[in-house]
Amino acid sequence: MRTMPKAAALLLVIVIIAGCGDQRILEKQGFIQSTGYDLNGTKNDEKDNRLMITVDIPKSDPEQRMQRETLTAIAHSSKEAKILFAGQTELSLVSGQLRSTLFGVSLAKTGIWKHIDTLVRDPSISQRVKIVVVNGRAHDLLVRDYPQHPRAGQYIDRMLEKESALMSFPLVTIYDFSRDYFDDGIEPIAPIIRENKKNISFDGIALFKKDRYITKIESKQSLIFSMMKQNFKKGEISMKLGDGSKKQEYLLFSSVISNRNVKVKRSTKGNFNIQINIVVKGSVLEYSGSHELSKDYDRKKIEKRMAEYIENEAAALMATMQKHNVDSLGIGRNVRNSLSYEEWNKLDWNKEYPDADIRISARIVIKDFGKFK
Amino acid sequence: MNEKLHPFHIMILIYMNQTGVVIMSLPHLLAENFGYNGWLGVILISLVVNLNIFIISIVYRLGKGKSIFQIMESSLPRVITFPIYMILIGVWSMTGCMVIKNYVYIYQIMSYNTTHAMLLKLLIDIIAYLLIIKGIYTISKAATSFFWITSWMLLLQLFFIKDFEWARLTPFLFKGDTHFLTGGFIVFTAFLGYELCFMLFPYADNPKKFIKSVYKGNLITTLTYLIFCLICFGFYSFEQIRNMMYPLLDLLSYIRLPFIERIENLLFGFFLFTTIVSVVLYSWSAQETFARIVPKANKKVLAFIILTFGYIVAWFPDTLSEVGQWLQYLGYAELGVAFGLPLLLILILVIHKGAKPS
């Protein structure tokens with residue numbers, strides 16, 4: 001037993017000494033919060049395949065006036081850029097606190113998987129890093145200061161977190177993107193943001209084919225897109241209801257609870273008939289039309305018109321997606337799950353999708369209409 | 001030798017011995033070798049394990065609770081038992097040390113990237129040594145407390161229910177690019193550890209419940225693996241799992257609490273508890289076997305020799321994939337031990353018509 005204290009002391013010494021091997025001192029670290037990727041060359045200059053990479057680093061040192069540091073480098077890859085950054089700053093850069101990556105739209109068109117691949121591979125990077133497409137250049141958006149808002153990286157991050165909770169735009173993380181990238185029945189999406197004079201705003205949903213940006217969905221349609229894609233709670237949508245002849249009515253539908261299901265049938269010829277049923281419940285808090293919300297008969301009429309509105313908008317969205325051949329809703333998954341493995345393997349869903357017969361029907365339930373008759 | 005193991009402790013010991021570092025890559029191995037819905041492969045392998053436990057239970061019944069060494073020595077000449085013991089010592093001590101090295105290497109993907117791996121391994125070896133020299137009774141007590149320290153981690157899987165989708169599982173069963181035989185062997189290594197129950201024969205408190213608790217231990221392992229792999233297959237897409245080396249690490253890094261995120265380094269530390277039980281039990285078995293060859297030696301010295309031998313061998317493989325290779329081959333050898341040794345013992349016992357009354 002006498003050896004025990006000695007052994008314990010030895011153990012303690014070894015444990016403490018092991019800590020000296022890999023030191024990380026907080027004040028000397030630069031925690032990258034956002035990274036922006038852009039193509040360096042313009043369209044005319046296609047030989048230049050280098051990237052312009054920008055990082056946004058918050059600074060916590062109270063003695064310094066600057067709240068943040070931005071670094072830009074032109075390199076072939078993000079890891080090469082990291083080496084170039086190292087030569088520009090006194091901090092040692094680490095990516096453990098990375099929150100969002102921004103891709104310029106011109107780069108997104110050429111494919112972004114190879115950049116996301118390094119993020120997935122690097123164990124210091126969280127699975128929850130957000131992926132955002134910038135309509136314009138990510139560099140310009142990141143280096144600017146927005147006097148009324150926090151620094152760019154935090155501004156974007158907080159806005160995304162808040163708005164995605166309300167379903168106004170999708171929150172797409174590395175996890176979501178790579179999961180859908182590898183799935184054979186769905187294509188990835190990402191939110192698009194844009195730089196305005198005074199602020200940054202949401203600009204729609206980017207639709208990808210594998211890792212290439214193909215087209216986008218306008219921001220005002222994003223909730224309809226969400227209704228078609230998944231079940232969700234929360235969110236609000238403003239609708240313009242017109243019945244052709246009469247003047248237009250405006251309605252705000254809030255506290256939305258939306259459920260959808262997809263039914264796949266295959267005709268004898270081998271064509272697919274796909275039915276997407278959407279059921280939306282919510283409350284109406286603003287209505288500018290001539291009907292009375294408190295009357296059951298009138299309310300049913302309004303519900304019907306709202307359903308028509310959603311069906312029309314959804315059909316238009318569906319047509320766009322089929323035209324560009326992007327299955328962002330993941331209908332391919334439902335088709336796959338209705339087939340046997342051999343049938344699915346034989347089927348070229350890419351070819352079938354643009355011509356598939358996809359119908360959308362919606363049912364609206366106005367749960368309540370506020371506290372006033 | 002007076003202290004006996006309670007059936008509950010045996011159950012926990014078996015479970016803790018089975019789960020180790022292989023769980024890190026288990027979903028990936030299943031997807032790669034069993035194809036779509038490979039998580040169900042866990043059940044197939046578990047059935048084979050049950051068969052193996054059944055074979056071991058025959059040895060136990062025929063041998064009337066005698067230790068495997070007594071059975072062998074009662075009828076085999078020393079010329080034959082000596083090489084068998086040497087093989088057992090070699091396989092068990094090397095398995096123990098490679099498991100640690102594997103854990104250390106995976107840990108170094110995340111932190112202490114440039115610290116010398118063997119220094120970290122030495123730290124774990126010291127803890128292991130302190131446990132081994134205390135004997136099986138203390139080991140099983142420690143394993144039980146480690147079990148309670150780590151069992152809450154199963155609840156972490158609740159984090160993934162929100163993003164779990166049955167649609168991702170697909171209706172295809174074991175389809176795609178499959179390698180049932182080689183894959184089955186590899187996945188089997190994730191279950192190894194139960195076979196060491198034949199070392200526990202003389203320590204069983206309740207002969208009737210002994211084998212039952214081994215079955216139960218394996219059942220807990222199977223359920224843990226099954227739920228964890230099901231979550232992975234519904235949380236990630238199939239091709240994605242095939243491309244992920246350590247799905248568990250990715251899962252851990254996805255967890256975010258309201259006040260903290262990126263806690264995977266902390267959580268990964270807890271896996272040391274399940275890993276160290278495997279190491280300790282394998283090294284303890286090696287030490288017990290060694291004591292049969294040199295009965296007069298001090299057991300503490302033997303444990304020290306075994307760990308030192310393991311430590312030296314562990315210098316050789318230099319990369320994570322090499323360690324994986326070594327572990328795989330050792331796993332095959334252990335598989336041979338798990339099936340071969342009980343069969344040999346049954347043969348001896350049948351020829352001798354049961355154990356001679358001692």
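Cβ atoms here come from the backbone N, Cα and C positions, even for glycine.
Those TrEMBL annotations? Automatic predictions, nothing curated.
The transmembrane segment feature in TrEMBL is assigned to B:12-30 (among others).
For the transmembrane segment (B:36-63), same-chain residues at least 6 beyond its ends with a Cβ under 8 Å from one of its own Cβ atoms are 27, 30, 70-71, 169-170, 172-176, 183-184, 187-188, 190-191, 194-195, 197-198, 201, 207, 210-211, 214-215, 218-219, 221-222, 225-226, 229-230, 232-233, 238, 338-339, 342-343, 345-346, 349-350, 354-355. What TrEMBL lists as transmembrane segment is B:36-63 (among others).
As annotated by TrEMBL, transmembrane segment applies to B:84-106 (among others).
The transmembrane segment annotation in TrEMBL covers B:118-137 (among others).
Taken from TrEMBL, the feature transmembrane segment covers B:144-161 (among others).
For B:181-203 (among others), the entry in TrEMBL reads transmembrane segment.
Feature annotation from TrEMBL assigns transmembrane segment to B:215-238 (among others).
Proximity of distant same-chain residues to the transmembrane segment (B:266-285), defined by a Cβ-Cβ separation under 8 Å and at least 6 residues beyond the stretch ends, is recorded for 13, 16-21, 23-24, 88, 92-93, 95-97, 99-100, 103, 106-107, 110, 124, 127-128, 131-132, 136, 139, 142-143, 146, 149-150, 153, 156, 193, 196, 199, 249, 252, 255, 303, 306-307, 310. The feature transmembrane segment is assigned by TrEMBL to B:266-285 (among others).
Under the heading transmembrane segment, TrEMBL lists B:297-317 (among others).
The transmembrane segment annotation in TrEMBL covers B:329-351 (among others).
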*Considering the transmembrane segment (B:215-238), which listed stretch of B:12-30, B:144-161, B:297-317, B:329-351 counts the most C-beta pairs under 8 Å*: B:12-30
*Count, for each of B:12-30, B:84-106, B:181-203, the Cβ pairs lying under 8 Å from the transmembrane segment (B:329-351), and report the range with the highest count.*
B:181-203
*asked:* Is the transmembrane segment (B:118-137) in contact with the transmembrane segment (B:297-317), using at least 3 Cβ pairs under 8 Å (sequence separation of 6 or more) as the test?
replied: yes
_Ranked first among B:12-30, B:84-106, B:118-137, B:181-203 for CB pairs under 8 angstroms with the transmembrane segment (B:144-161)_ = B:12-30
_Using Cβ distances below 8 Å and needing 3 or more such pairs, separated by at least 6 in sequence, tell me whether the transmembrane segment (B:12-30) contacts the transmembrane segment (B:181-203)._
yes
*Report, as numbers and ranges, which residues of the same chain sit near the transmembrane segment (B:84-106): CB under 8 Å and 6 or more residues beyond its ends.*
20-21, 24, 72, 117, 120-121, 124-125, 128, 246, 249, 268, 271-272, 275, 278-280, 282-283, 285-286, 289-290, 292-293, 306-307, 309-311, 313-314, 317, 319-320, 323-324, 326-327, 330-331, 333-334, 337, 341
*Residues sitting near the transmembrane segment (B:181-203): Cβ under 8 Å, six or more positions beyond its termini, same chain?*
1, 3-5, 10, 13-14, 17-20, 22-23, 26, 29-30, 32-34, 41-42, 44-46, 48-49, 52-53, 56, 59-60, 63, 65-68, 136-137, 210, 214, 217-218, 221, 225, 278, 281-282, 284-285, 288, 327-328, 331-332, 334-335, 337-338, 341-342, 345
